[in-house]
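Worksheet for the structure shown next.
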Amino acid sequence: MKTFAGFSFLFLWLQLDCMSRGEDVEQSLFLSVREGDSSVINCTYTDSSSTYLYWYKQEPGAGLQLLTYIFSNMDMKQDQRLTVLLNKKDKHLSLRIADTQTGDSAIYFCAES
């Protein structure tokens, strides 16, 4: 973690992957967030028939960890510090992490199935 002017910064490396049917998903590659602030990771996908949309986290040297998922008939799902927003019309998925912590520094993947 880097410290600058008394602030701690978290680096969320964002990478994307689709876990079935070779569908495409897109998201930004890098996000820097000050510890304690909220962060939003965005993802777009192509398959409007997807039933489930997932967010995974991968810490250095570890395997993928399922953070949360949302059914395609839902608009929002909240679980502790995580909020998932789904706009099925625009094929847009967002993950909001409230009160970011050093343990949130990782690679994040969105996926659809």
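Heads up, the Cβ atoms here are built off N, Cα and C, so glycines get one too.
The model shown is predicted, which means the values in this text are computed figures rather than measured ones.
Swiss-Prot lists a disulfide bond between CYS43 and one candidate from CYS18, CYS110; that candidate is CYS110. Looking only at the disulfide-bonded residues CYS43, CYS110, the densest Cβ neighbourhood within 10 Å occurs at CYS110.
For the domain 'Ig-like' (23-113), residue counts in helix, strand and coil come to 3 helix, 52 strand, 36 coil, using DSSP. Counted within 10 Å of its Cβ, the other Cβ atoms near ASN42 (N-linked glycosylation site) come to 16, all protein chains included.
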